[in-house]
Amino acid sequence: MTAQPQTLKIRRPDDWHIHLRDDEMLSTVLPYTSEVFARAIVMPNLAQPITTVASAIAYRVRILAAVPVGHKFTPLMTCYLTNSLDVKELTTGFEQGVFTAAKLYPANATTNSTHGVSDIPAIYPLFEQMQKIGMPLLIHGEVTDAAVDIFDREARFIDQILEPIRQKFPELKIVFEHITTKDAADYVLAGNRFLGATVTPQHLMFNRNHMLVGGIRPHLFCLPILKRSTHQQALRAAVASGSDRFFLGTDSAPHAKHRKESSCGCAGVFNAPAALPAYASVFEELNALQHLEAFCALNGPRFYGLPVNDDVVELVRTPFLQPEEIPLGNESVIPFLAGQTLNWSVKR
């Protein structure tokens, strides 16, 4: 029997999908990311979305001001696509190095997406320009038609929206974000070098039974919602395959405790404090630790055309106890896997 590894050294990872929020929440949650990750693709869905170069620069300044001393962290800013976004603003932001990518939220698909796009073909001129300049398109892949069941919205999005976009703009770099279904995993595997996908720790570790059987667990509620076990297993198989189309994107999305534990709770899982140990645990369960570094630190930079990080992080086989709550002023945030112990810890 092969001895279990006691340490894992990998290049410092990046998080290719995160919500850092703003103000007190930003300063509370950012250190959990900046301590471990070198870079992160920062989502633009603030209450006032990031739609201009000026607002992206201002937000980046606020993020950098919240980075603790001793942490080396680069936020990669994104532009929130709207029905009326000026193509010149998008182009200028990308060419100046302010925008790393642009984010497509179908209107009302998730938190703070009311400003999102209601008529996707109407913004095809933006996609045409993005294809021309090599700017990646990041997609929250769910249809928002009220007649479509919430568990079917990702699969329906592939046929109705994503495939037509890829047919019309074959060299547009697209990240199918936080995929949750076998349909999406198979679609990405069958794609080409212009299509990638991020996968969250919660969608690899849990399915909808974990969220709903024996009581509702609001801290597992996120969008896209957890699916049935067959979809979870397909995601696990996809990342274990070693395919370079899949890369780390936590979709860490904090909300104050009272906004999660309510009669109409918010969607989002705050997984940043345990993200890397959680991914390591999954890859070990799948006998795929040989692919962990590529998933966490190599595939994303390759897709974005960015250099990989020079330094390394070390994971050690030391039990890691996730706190029950994290203080947030007079409130708190409940982290992913609260009160649970993981097998791996990041060496500090």
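Any Cβ shown, glycine's included, is placed from N, Cα and C.
Source: prediction; values computed, not measured.
For the substrate site, Swiss-Prot lists HIS19, LEU20, ARG21, ASN45, HIS140, LEU223, HIS255; matching the candidates ALA58, ALA237, ALA238, ALA267 against that entry yields ALA267. Swiss-Prot names HIS17, HIS19, LYS103 as Zn(2+) 1 ligands; from the candidate set ASP186, ASP244, ASP251, the record adds ASP251 to that same site. Of the residues HIS71, HIS115, HIS178, Swiss-Prot places HIS178 in the same Zn(2+) 2 site as LYS103, HIS140. Take the Cα of HIS255 (substrate binding site) and measure to each of the binding-site residues HIS19, LYS103, HIS178: the nearest one is HIS19.
Residue pair HIS17 (Zn(2+) 1 binding site) / ASN45 (substrate binding site) shows a Cα separation of 12 Å. The 10 Å shell around the Cβ of HIS19 (Zn(2+) 1 binding site) contains 25 further Cβ atoms across the protein chains shown. Near LYS103 (Zn(2+) 1 binding site), with the C-alpha within 10 Å of its C-alpha, lie none of the binding-site residues LEU20, ARG21, ALA267.
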